[in-house]
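Residues or ranges marked as ATP binding site in Swiss-Prot (evidence: sequence analysis): G110, A111, H112, G113, K114, T115, S116.
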Amino acid sequence: MEKTYHFTGIKGSGMSALALMLHQMGKNVQGSDSTDYFFTQRGLEQVGVPLLPFDEKNIKPEFELIIGNAFRDDNNVEIAFAHKNGFPFKRYHEFLGHFMEDFTSIGVAGAHGKTSTTGMLAHVMSNIVDTSYLIGDGTGRGNAGSEYFVFESDEYERHFMPYHPEYTIMTNIDFDHPDYFEGIEDVTSAFQDYANNIKKGIFAYGEDVNLRKLSAKAPIYYYGFEANDDYRAENLIRNTRGSSFDAYFRGEKIGHFVVPAYGKHNVLNALSVVAVCHNLGLDMTDVADHLLTFRGVKRRFTEKKVGETVIIDDFAHHPTEIEATLDAARQKYPDREIVAVFQPHTFTRTIAFADEFAEVLDHADTVYLAQIYGSAREVDHHEITAQDLADKVRKPAKVIELDNVSPLLDHDRGVYVFMGAGNIQKYEIAFEKLLSQTSTNLQ
C-alpha cells in the first residue's frame, strides 16, 4: 500500500511547495491547516491535494508525518496527539534534508532575496535540464528522475543545518529574526556552520563583509560589481523595461544577459544564477534566453492595475527589503508618485528596526502604515505601535485601518507598494474594491 504523507501546517510556503513536489512525484499527499485563506493553497487545490482543518483524527500511525516548524504540543492538537501516542514525525527541514540526498542539490540562502533567486534559478535550470525545485512562494515541482534539486535554504532557528547540498548561493548576511538571533555575529556564525556543510561550491555576494569572512572546505566564488569578484557584472543598464549586463568570470566574458526585473538586487540575483549555471557547465546562450522569460515569483513585486492605478504586492518586511522594493518601483515608474503601504511584521522586529524602517520608508513619496502584525510566537507588551513608527517617518505618514482604507484615494496615478509578511493583502484587497467602484478596468 502506498504511503500517505500528512503535512501539519500545509499552507506554509515551504510546506505547500514540498507537498506539491511529492504529489507530482506520484505520492499520496494530504494536509491540515487553519481554515483562513492563504495564497499558497490555490496550487494545492488545483491539483486536488486534500486540505483539512486541524484535528487529531487526521493522524494515523501508518502516515509519514511532516510537521511545520512553528507547531508545538501547546499550540497544535495534531502534534500533541502524535507525541502522546508515540507516532514518529519529522520537521519540515529535517524531511527536506533527507529528501535532497537523491539529487545534485543547490540551496539558496541569505537574509534577503532567497525566494526571488530560488525562483529565477529554478526557472532557468528547469528549462535547460531536468530540475525539481522548492520555492518559498509555495511553488514546487517534483520528478524522481531529476538530476538537480533547487531549494530555498532558511537560516531562521538554523533550519538549514540538516542540509548538505552540493552547491549553495548566499545572497547576503543581515541581522533579522531578533526573536532568535542575538545579533549579526550570531547570524554570521550560523552561515559559517552552513558553509561547512556544502560539498562542491559556494556562490556568495562579494560586497557583503560578513560573507567575505566565511571559510569552507568547498571553494567560494564571489559575485558582484567589484574587480575582486570571481563573477562580475559590467556595463549595467537599468531602465523602465528591466536591466541588462555583461557577465565576466575572472576577466573572461561569458555572456550578455537581460532580466525583465527591477532593482539592483535583481541584477545580483541574476548574476548569482549565471554563476551557478556557468559552474555547472550549462550553455550560457540557453541561460540568457531563459533569464529573459523569467516573470518573477509570488508576492515579490507582483503588479496589477486598476484603471491608471498601479498596485504592487511584495513580501518585504525588513528595512533592506523595503529599500530594494522601493528602488525597483522607482526604476520602473520614475515619473510617478510612489506610495508605500507597509505593515510591520512582529513586535520584536519593529522594536529592533524602528529607526531603520523609518529611514527606508522615506524613500517613498508618501507612507501609510497598517497595524503591526504580531506572530503566534510573541505577546504584545505595548512597547511600540504603528503610530510610533509613523512619527519617526519624515515623509507624510498616516496609520490606516482595514475597515477604512479611503485615505489611500488621495493620490492621482499613484504607484501603491503594499509590503509586509502578515495580512497586508487584506488591505490591498480592500483598496482594490474601493478603486473598482470607480473603475471596472481591472487587469
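Numbering starts at 1 and runs along the chain as it is shown here.
The backbone N, Cα and C atoms fix where each Cβ goes, and this holds for glycine too.
As the structure is a computational prediction, the values presented were derived from the model and not from experiment.
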(request) Ten-angstrom check, please: count other Cβ atoms within 10 Å of the Cβ of H112 (ATP binding site), all chains counted. (result) 21
(request) Could you tell me which of these binding-site residues, T115, S116, has the fewest other Cβ atoms within 10 Å of its Cβ? (result) T115
(request) Starting from the Cβ centroid of G110, A111, H112, G113, K114, T115, S116, which together make up the recorded ATP site, report each further residue of the same chain whose Cβ lies within 8 Å of that point, ordered by sequence. (result) V108, T117, T171, N172, E321
(request) Have a look around G113 (ATP binding site) and count the other CB atoms within 10 A of its CB, chains all included. (result) 25
